[in-house]
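These notes are about the structure you will find just below.
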Amino acid sequence: MKRRHSEKVLIRIHNFGTPLISGVSNLPIESLHIESDRPYTIGRSSNSNSNNGFCDFVFDHIGISRKHCQILFDSESCKLYIFDGVIHLPSCSFSQVFDEFRTRLVKENSLKIRVSLNGVYVNRFKVGRTKVQEILVGDEVFFVCGKEEGLCYKDGRVGFVVQGIDFEGRDCSVSRMIGASVSSGCSRGTVSSGKRSKRVFAPMGNEINSPIPRLYPPKGVGVVERLNSLVSYCRHVLSSDDPVSCLRLSSISVYGKECISCCTSKLLKSKVGILVDNREVKRAETIHEAGDSLFGLRERNEQPSPQLPNLVYNVEKSGAACISISDDTMIPFDSEKENTPDVSCIDKEKSYRSSPQTPGKNFYLNRLQYIEGNSTGCQRVVSLPELLHPVESISQIFIATFTSDILWFLTYCEIPSHLPVTIACHHAERCWRSSPDARTASPYPDYPNVAVVFPPFPEEIAFGKDRKNRGIACHHPKLFILQREDSIRVIITSANLVARQWNDVTNTVWWQDFPRRANADVLSLFDNCQREPNHGLGSDFSAQLAGFAASLLTDVPSQAHWILEFTKYNFEHSAGHLVASVPGIHSYKPSYLTALSNIPFKEEFLGSVEASVVGLSYLFRSANDSTGAQLKRLASYISRTRENSLGMLELVLRRNTNVPADTNAVSVLVSNPDDDSRDDCVQLGFLPRNIAKWVSPLWDSGFFKFVGYVYRDEVLGAASCRSDQKVQLMLHVLQGESTSDMSKLIQPHHVAALCSLIASLQRCTGIWRLQEVLGRYKWPESQESDFIYSASSIGGSATTGFHADFSSAAGKKVSHYFDSQESDPEWGCWSAREEREAPSIKIIFPTIERVKNGYNGVLSSRRLLCFSEKTWQKLRYNNVLHDAVPNPQNRFGHPMHIKVARRRFTSTRGSRSSSFGWVYCGSHNFSAAAWGQTISRSSRSNQDQSHNAIRTVNKLRVCNYELGIVFVFPPPHEETESYDGSKIDDIVLPFVVPAPKYGRSDRPATGLAMKEAFAEFREGSRSLCGETEAEEMVEEEEEEAEVEVEGRVEFVAEEEKQEEKAYADALWSQVESSLST
């Protein structure tokens, strides 16, 4: 019967990790609808982001080339083909190259071919250049694999398994899937004898008989690999408790995820490390059918071909590490090796289904997918699925990350589609938007409860203090919060939410589970200011966590509930101290937050918020106060008002509920000090709209009370119109009448207000937070053994001044001041002068040679490391740079994305010695953008002789969101009752210590050095892979750019904005109108 051509084909697939996306709809797909006799392109470019034509199917993954490969279904032979790269056609049509596809070899002399950078692998073997590979049902197709002489020998990261092929043509109209039958006219895949179907492995006749060189045959590989896959699958089914159910639920060889629900642990290890059950394995027999060149699975009573012996039987019987295709050819049989556990370690599959022991005052490293065994015994490694196990018990997830591959995370970790997931991530444009609606998204219809938030960058750090100009800022933390009914897990890591950083790059991971409280405690959201001096800071973990999360979720009411969830759990016994950075220009933590002896309401004090007074000059303008009576009255009240210990005046705050312009309006007044009733007042202005919107609902409900403070010179300067500067107002937050019952009385509109309050509270950030944690200990300088910092980015403003600021915050002092009894904590602190004379910190960063000698060369680290050539020139003669040698040894060649600091001391008493100090791990790189840069301003008060002196105001300019954890191991003489016996030497650093110092010829992996190395790589790859573009390299992420102002910077006091003036004028006009009536 004459064959008629098929018109359409449906290819059913199962994705590994990163989902395949339609280039038209931009939605994930599980099947490919293609027309016959037309090439379809798979790559990274969709029609929305490419000017050079788009791909029909897209993998949104860094390892995929823009146009990676092409697939084609040939209607004449009913075969599906794949080709590595793309064919750039001349003016002729594609039909003219059909013959070359059918002969499975594309001629380069007549066509321009651009191959992919990372290759195409079918059943783990690379498709050769200009070769066309047929794809059958059950074949595994990968696009990013570990490579060793053309062999994809480890878990594939991006790709799919072909589960079925449906031919929808007029002749080939029968389904061609696993277990289904198809017309015998279609020569490969599944064939039908009319009554039953059998899976067919069908190499061409000359593939079997031809001699195959070495161990990695270019031909016949598909036969062995597909058979190995089937052997693995059969063994898995037979080892299950319920083989029938396993057959119904599972699919062939999905890389270690084979129907886990029906598997048992009753597996024995064979002499070659292949797991087999002790039950009888029914052996499938193979024969070669010379007549039609089909090599098929036949019935058991047929004799196996002497050309290809019974492969399954040989493997099961002898446990051989190799199987033979011909007398002189052996192929390694290692398809089971990936699932073979090391005797000394937990089975990989089993470990994915269990959660390892929490690290305590320590951290784990992430589990690299290409490192299975380890020569030094079990390491403290963990994978992302292990951290989330069991996913079924999680009620909601919160994630903060820099870069993200959200679909990879959802599929890789098997997140249920109904589970609420909040992901805060960086966006170069949307994080600068002023509109809250522009900073949220719900991009995945299949995951309706996944919310993406783009945390705000404050306008004060933008160029020109204008959001439209943007600025230097990054949302750079790596935080996971897993809420369960009985506990909450906090995970702090250095890995972003992308596959490569969890699978291929060394990162640190710390986590701890905190139990649920019997009753919610709202006060746990605030710093415990009443703690005893020797009690430590362990109890502020909840306040620090809530404050950081609130800063990400401010102005996002739908996600504000997270702050209230933290009140349900007990964070008192945390193993470390949170250290967060939040972008903005921050005031140093005032003394009244720890010493409130002069404040009458210290028992009620919860915190303070830095705000301002808007509309202050309105009442005192010449048009409204032509005689100056109001100004004189104000001056009289202020001069007789007693200041607090910080030189500030207490104000009166009143709610304005009858002002239509804003029902949340709050008036700011100065009372007559001689009037105890506080009815005789002069109004200064109002709280800003963005502050009043959360103060009012919390105040009206009785949850909190508020008191304001200002500097008298700033008030008089603005009132007399001598200054346009914004008048700073310090807002104290006090407990209200209903604070204790807040968890019972709170309403939805209160939750968003509470989130804004927590986000606005003053707290130490960046290096000032580090100083708050470490400055309470007296570290003996003479006993310091090392002070090191390893990071993947060294900031452009990593100057002597920044080094000194960081060292001082870490508790370093000048040695001859160590025993001083001076009470001033700043006395003897490390300064830039000492830093220039004796550099304090050893910076650990890889040399360019170490990067080039990695497993994948410069590609592994490009866009992962950040070190400017200018910074290198500043630091090269300071002897502070040391090479980053991975530890343990089996991580050699894998790039590191860690941010780890340690300051260690050694005390020797007789023959005994002990070590102590502190260790940091998290997201902070060694940069002023991450930790903050000190800026200052001086002001003089001329209104009162007692303040006729210069007042220096120090502030900290922070550009990034960051989060880390500090483990403190106190000096022996300062150990508290909470000492848990852990030791600093229990922490094995992920790099060799002592790190080798840079030699004369050594050079760090700066941006310029990386660019030069990549150019060398491109030159070398052209001879092997043909033309490639620079954009076709493996991309990871852009680390934060470091274009910062060097040295000490003076900040300029802010002026009142036009929108604030308009808001205040509207309120003033309505207040005056109501008073006149």
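Just so it is clear, glycine is given a Cβ too, placed from its N, Cα and C backbone atoms.
Any TrEMBL annotation is an automated prediction that lacks curation.
Just so it is clear, the model here is predicted, and its values are computed rather than measured.
Taken straight from TrEMBL:
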DOMAIN    40-127  domain 'FHA'
ACT_SITE  H476  active site, nucleophile
BINDING   K478, K899  substrate binding site
ACT_SITE  H897  active site, proton donor/acceptor
SITE      S927  site 'Interaction with DNA'
Give the number of CB atoms, excluding that of H897 (active site, proton donor/acceptor) itself, located within 10 Å of its CB. 29
Around the Cβ of the residue listed as 'active site, nucleophile', other Cβ atoms within 10 Å, all chains included, total 28
Whole-number Å distance separating the Cα atoms of K899 (substrate binding site) and H476 (active site, nucleophile) is 12
Could you state the CA-to-CA distance between K478 (substrate binding site) and S927 (site 'Interaction with DNA') to the nearest Å? 17
Counting across all protein chains, other CB atoms within 10 angstroms of the CB of K899 (substrate binding site) number 25
Along the domain 'FHA' (40-127), what average pLDDT does this model show? 77
Give me the count of other Cβ atoms within 10 A of the Cβ belonging to K478 (substrate binding site). 26
In Å, rounded, how far does the Cα of H897 (active site, proton donor/acceptor) sit from the Cα of H476 (active site, nucleophile)? 13
What does the structure give for the C-alpha distance between H476 (active site, nucleophile) and S927 (site 'Interaction with DNA')? Integer Å is fine. 12
Tally every other Cβ atom lying within 10 Å of the Cβ atom of S927 (site 'Interaction with DNA'). 28
